[in-house]
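Positions annotated as compositional bias 'Low complexity' by TrEMBL: 1-18. Taken from TrEMBL, the feature compositional bias 'Basic and acidic residues' applies to 537-552. Look at TrEMBL and you will find 32-528 tagged as domain 'Major facilitator superfamily (MFS) profile'. Summarising the annotation, TrEMBL assigns region 'Disordered' to 1-20, 537-560. Summarising the annotation, TrEMBL assigns transmembrane segment to 66-85, 97-115, 155-173, 185-204, 224-243, 255-272, 292-316, 328-349, 355-373, 385-404, 463-484, 504-523 (among others).
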Amino acid sequence: MAPAKNAAPAPKIASATPDMASQPRGWRFWAIMTSMAVASLLAGLDATAVSTAMPSIIKDFGTSQGYVWIANAYLLTTTAFTPIFGQAANIFGRRVLTLFAISIFAIGSAIAGPAPTLGALVAGRAIQGIGCAGINTMVEMVVCDLVPLRERGKFMGFIFAIYAISTTIGPLIGGAFSTYVTWRWIFYLNLPLAGITLAMVIISLGALPKGSSMSLSSLKRVDFAGNTLLVSAITSILLALTWGGGEEPWSSWRTILPLSLGLAGLPLFLLFETRVPEPTTPFRLFSNRTSLAGFWCAFTHNMLVFWILFVLPIYFQAVLRASAFRSGINILPTAAVCMPFTIISGGIMTKLGRYRPLLMVGFALFPIAIGLFTRLNQSSTTGYWAGIQVIGALAIGIITPVTLPTILTPLAESDVAVATATWAFMRGFGTIWGAAIPLAVFNSRSNSLVAAHLHDNETARTLLANGGAYTLAAGGSLYSVLGLDDNPSLEATVKGIYINSLKLCWQVGLAFALLGFLLTFLVKELSMRTELETEFGLGKESEKKSDGEAERQSTSISPQ
């Protein structure tokens, strides 16, 4: 479609020399940044700490029935409730929403810690997820309010590195607590951390402009109907992806119906948003090629990140016989490389004012890493699987701070809140598919291989079929339950099933990695704003439009 008639002349490529005005940054600026880093640390720790504690949790409750919802409930609410925080932050201001999110997270932790039943633990995790959705969104939004677009990569790189550190040490902390104390301390630890974070936010964010008061007229501006539709759609999709290939076959109506309703609900939500006075997700966010491609790059990036983090532990635990705790250590090369390169990538983007080359380099590395992962087997050396992780981590780190500025450059500064929330939603939605697709592929492939190679061993066939192969590997009980130590022949057969099933997972992931690389060609390089244009910053900033305003003034899909 041709550009709108009122579009400005074609934007120029970003200048290689920053032209940012010198802005004094006093103690309050750095206090806010520190509080945002601590909030990010809080959210990141809990996102991964439960993974290595899962066997202990299952043992304590005496059942593995429904254990997947300990993770899925958190993932569901983290994704589904993200957009509403973006809209609400424009109405009520950043400070009150940040305090609300941290408080909700603490309440969820207080419920999950002493939970007497698995259901209570799942409920606490779901409430935690709502808080995490708000924390992640508000952290990114506050950074956007404090620094110009051109500089955001530098500061976001630091924040993302903090988050990466917390998600890396999370499994180690979870494993240590569950081994030496109790898994419940994973949640108890959140309470003092949340208290410290709340105090820091109250002190530091007091200087930010306040939004509307909590009145009936203000609440009516929130798009509750649209968000209810979105939450329902995401819930239906996650139900289908949780049941499919495990509890229910993919051909079952119990899988097909919720998946169909969920996938139909997403376009229905977008259509509904076009008819709402203050939509959660305005359609104008997708009205230009660069932002639209940026959203899908964010989705694909997070999907591939969690694809790697989902598949690798199964390889370590089932093929290399690592414990869940040792598996967490084996993934450290990913974090060790990802963290510094997230900061470096953000700094390069700030220095050069260019995001497209970084996107292209990052997405070019993903297919290389995932392609090499397809060759993993029981004979792979530590140097081989650690070296591939380095390549994948380079891709993750380079892309991480770049997708949001890519999206925001063509958009008006007034759209920062809703665009940031939509970006966070796309990342969360990518996380769901990054776990669901490889799980579906793994279950399908392992089912067929189990039937073909274990037809004379009914016990092993029953335990490994219908999702059992994943459950046993993830729970760390594969070798003990099947008695593989006393049966070398069966051990070799079972390892072969895992290796071939995981190989197909990597091959499907390679297709998505190549798709991500192709998406980068839709992104156009535009100059990035060098001064703030926000009503929520620390002070009134002069307005300055960049050459990217050509796209910000267009409301129709254009080739930019």
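Here the Cβ of each residue, glycine as well, is placed from N, Cα and C on the backbone.
Across the domain 'Major facilitator superfamily (MFS) profile' (32-528), the prediction's mean pLDDT works out to 88. Taking every listed stretch (155-173, 185-204, 224-243, 255-272, 463-484) in turn, the largest tally of C-beta pairs under 8 A with the transmembrane segment (66-85) is reached by 224-243.
Here the transmembrane segment (185-204) touches the transmembrane segment (97-115). Their Cβ atoms form 3 or more pairs under 8 Å, with each pair 6 or more residues apart.
Long-range neighbours of the transmembrane segment (224-243) within the same chain, counting only residues 6 or more positions beyond its ends whose Cβ lies under 8 Å from a Cβ of the stretch, are 68-69, 72, 75-76, 79-81, 83-84, 252, 254-259, 261-266, 268-269, 272-273, 276, 279-281, 429, 432-433, 436, 439-440. The transmembrane segment (292-316) shares the most Cβ pairs under 8 Å with 385-404, out of the stretches 155-173, 255-272, 385-404, 463-484. Long-range contacts of the transmembrane segment (385-404) within the same chain, counting only residues at least 6 positions beyond its ends with a Cβ under 8 Å from a Cβ of the stretch, are 140, 152-153, 156-157, 160, 164, 294, 297-298, 301, 304-305, 308, 312, 315, 330-331, 333-342, 344-346, 349, 355, 358-359, 361-363, 365-366, 368-370, 372-373, 376, 420, 423. Long-range Cβ contacts of the transmembrane segment (155-173) within its own chain (Cβ-Cβ under 8 Å, at least 6 residues beyond either end) map to 33, 36-37, 40-49, 51-52, 139-140, 143, 146-147, 186, 189, 324-325, 327-329, 331-332, 334-335, 338-340, 342-347, 400-401, 404-405.
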